[in-house]
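Colleague: I'd like to ask you about the structure that follows.
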């Protein structure tokens, strides 16, 4: 090949990369960028030079496909696969039981310490050569180990003496898709549902496969395909055939499929006259339905159920309770090994108790009464996925019932997909919180991973932010929230900083000069959104229905606890919801130590102040500011933080492609505009009560309160379609 | 660079291409594949070696960007641009008035023959060198010329003596998007609306740019962003700001933006109590609205209006007529050069005239009464985008009113995006049809391009099949329908065969061994869908609302002309709609020669037979078969044609990527399943009347009629959302 051709080729190479750049967001954190450091590249090439894979199972096929895709891109190498272990093998991938006998002793101790989904990556000297082994008890561990090896390469970690022994700490690491059968996604801000029901089961969209790859790469092993506001039709044969086709794709990536089960399905699609869980016909109907599903999908996960909540049918429609409902379904699934995940997000329009208290009140008496294959799924806070909430009092309080954590990855109350908010920071704050329910150190992480109460089932669920947008999540940085959720579901003790660091390197650039400032930007982004939306414990002051933008003035909704005025309780005297002993006494639901802290206005962390206390406008904050000034300054601080984010991103321009730069930049402009809108609208509104001037350092609003109140967004994304 | 590195680079190159393959459908017919024939490549390189571009206008910037993207990919070349004509220039791109004086005489004759959007590509000898010139009267012509040059390269055409003089034959080549503000798309089968209203105006999605590039490359110069079933909100400042942002992107690609105008907007968003077109406040409101829009978008195209049709408000609500309504809006737009495109798709629930006759009856009296900036837009056939219809009788009958052709590119009645149906074959059939309205040779093409009646405005509109699917159109071959529509709007006389040929070469592979059989498959695909859905003139026997699948039995809809039974008029005696003089006399709306042909059962082409005639089951067809057998055999023939399509595609496997092959193969399987469903359901139903056995060569149905009648598809895509 002549020199000229070389240059031409090189030029063409650049161009080809430039072209695919346009859609590079699609590749998520699986970019598999070329390693330019030749020493590193050579050392990785030695390890992956000759790969032994012995099985043709779906999981093996998929991990082989991944290596075949990744290694040539990372290493400029053609990868050789062998069917079985030979003298040439440099990388051996097999389950422990199939390892060569003389290798087993070197791994035995490690293999004993991992669980059914864990894996080992170990470099050993064997026959005078370096051999790297990925092994596990089950095939799925090999898949996780393979992705881990590729991750390490992308992170430029040394592999020569690699010795990784890793197991997921939580059994079910699950996405909840609030996807409707019409492909709208409730609280979806990244386009529409991935599931193209119309073309299933025949047409397997490449996205189904790439979705499974992405999930497997971070250890997500379960997916609920449908909205918790469920439609019974998904349980009919026409749809089950389509669900089966998806399950067939996902199985090879270690992912189990769950469905949401509408409690009234026996009436709607079963021709029964009741859905009473104690009715034997109803019980038989669910048993038959379970049997029908498992015939199609032998590893079907089970049902996720929202019952007697926000208008959904449930056992209470028949004078029964949550235990009756959940156990009835659990009985149907039990013979097949399926689970019922029963949501605790309940609050009643006929109950004027503080909404923050209702789920605890309702579920505590049932502790220990659910069947073994029932998990109760609890949102991280007692209200509804606010930018910041104190932890849900059910965590730690139910000691005999396994509780699943429900995080929301989609940013219903956190700026949709226009705002850059790094959620692992929020997740970490929740997981690290000490409930004191079994003494000091009773953190939520320990409750969720089952170590505190020795639960048989452990679950972490995330309400998905995934849609049909080419970049999957709407905002490129929202990919980090999907990624981070997966990482924390695998190990709820890793830090959000580590997650941000890894994600940035995998996604954009491994240069520290890029990673460090952008990581700081990510890590402050969550506090920014708290500041410009809901500072100092304010909450649920969003506009109605779509939750887009501020609506602290809204007071005309059907029930009190849907109205923002219910949550901020503002009057001319002050602001905040008194949930202490003098108020709704929501604090009583926490362990005594926590109660004392929350009840005591001097002891409570100020970020929860107005969640638990109603305080006068001139109340003195710890920094000496009066409350009104403190609120106003926090709003301004949030806006200022967004401005700093923009500066940081501008400074990172040379480390990303032009399109990547522009894309995020335009979104940050929206974030800034909306942060200012939040600040101005909320402060103007609260000012009508406080009658106090804005502190000097707070920018003057650009519009009147009436203007902000006049804004209407009938087509804001993510709202529930009317045909539901 | 060492040999080893070369090989490594080469390998990496292959990999990079393989990766982007996954999303290669996104690139449409602008793939810009590398030319491997070095002789050809060298000859192209000589021409594009040094390109002179003199302006920094948006259009120039965009054509330069396109050349910078395309040439390196096609030719492995780095392209040099010069600011202005020099001795080195090999390709000169400039408007005629800016050409060097001594060049002008060589072009003068050609430039005189093109219109305002036309262009010239000419290779001349100049200063003893070969010089290629792209020139035009206006900049947009240069853009079209540039895309044409790139197209020729991709088609491997010789360019050495190129001499192209080309102008569009129709002024407005327009897409109609039936996109709602909630991003659902009425009759959309390729995902959801491209327009992300939530993130506009700040966020300019790369797709907006690529959409504009694709349109410009085929000469589409106008787009209606919103559904004809219109929402007035798009005319409010909040949305106009977003429309403006899109118009700013599209302008540089020669594309004007239109909006649909809801007739009752003055009431809904203007606080008026009436929308009466003769009310002076209403007139003032529209005049002010036009002025407001043009302040933002100086080249705004105008309004597309669906009025007094299927529940949409219109002038008749106030006792006025279509002329009153259209002229009122036209008056508002006139000062700014805008147009009103007024749809003729009207039929009344209070009128029991044959629906096929109503639009003609309603509009003929208004011929010549519309203002000069009004165009009346007519669907190709008198009912509604059926697989085959006779031409709409308004074509040719309105002699003083410019008529726009409305084709439907989205496949509402042609298998959604699951069926491979090459629509240019249908469009060609319509355009070539002779109306005889001004004697023999009065083809629809001549009416649409204005040559028959010398219309001041000429328009061809296509209801878009574009959505958020990564491949834009759901079915990869549906890209050919977008492409073909654009080519026919530019020149309604080119053949569908030429379009298929070009599209296949641009999209997949230039090898004749691939192109020839696959082209034949495309060209027969339209007749296949006619055969397996609506043979021998049958029409509108689709299931209700969503129009997915067969529903010839449906008889319970709110008005007679929404029911399939109205259209096939089947009874024990026979089948078909008598529209001759003995029936509804719809034939009277055609020119005498055509009337005679349609009225005469022996003269009428058999593909229209049951559209115009009710005939007994044992009526003898030209081939000697009785009608019942003929219908049944046609259904079977359609199914067999799909089987042949599958064979053809299988044989083409080696010419496309694995993913491209699989994608189309899976969709063809759906098409086969649904073709069989159509055949079985329709024949079983019609058989209940004919009481005749199926001919031997027709396969037996796999289910009962009751089964087919029981099928329900509440979430079939493309239906109108309830919140409209």
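Glycine is treated like the rest: Cβ placed from N, Cα and C.
Got these off TrEMBL a minute ago, pasting:
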- B:1-20: signal peptide (SIGNAL)
- B:28-149: domain 'Alpha glucuronidase N-terminal' (DOMAIN)
- B:153-472: domain 'Glycosyl hydrolase family 67 catalytic' (DOMAIN)
- B:310: active site, proton donor (ACT_SITE)
- B:384: active site, proton acceptor (ACT_SITE)
- B:412: active site, proton acceptor (ACT_SITE)
- B:473-697: domain 'Glycosyl hydrolase family 67 C-terminal' (DOMAIN)
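In the displayed structure, how are the listed features positioned relative to their neighbours?
Modeller: With a cut-off of 8 Å between CB atoms and residues at least 6 apart in sequence, the same chain places B:229 near residue B:310 (active site, proton donor), listed in sequence order.
Under DSSP, residue B:384 (active site, proton acceptor) is assigned to coil, being neither helix nor strand in the three-state scheme.
All protein chains shown were included, and the count of other CB atoms within 10 Å of the CB of residue B:412 (active site, proton acceptor) stands at 22.
Regional average pLDDT for the domain 'Glycosyl hydrolase family 67 C-terminal' (B:473-697) in the model is 97.
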Colleague: Reported as an integer number of Å, what is the Cα distance between residue B:384 (active site, proton acceptor) and residue B:412 (active site, proton acceptor)?
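Modeller: Cα of residue B:384 (active site, proton acceptor) to Cα of residue B:412 (active site, proton acceptor) measures 10 Å after rounding.
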Colleague: Across all the protein chains here, work out how many other Cβ atoms are within 10 Å of the Cβ of residue B:384 (active site, proton acceptor).
Modeller: 18
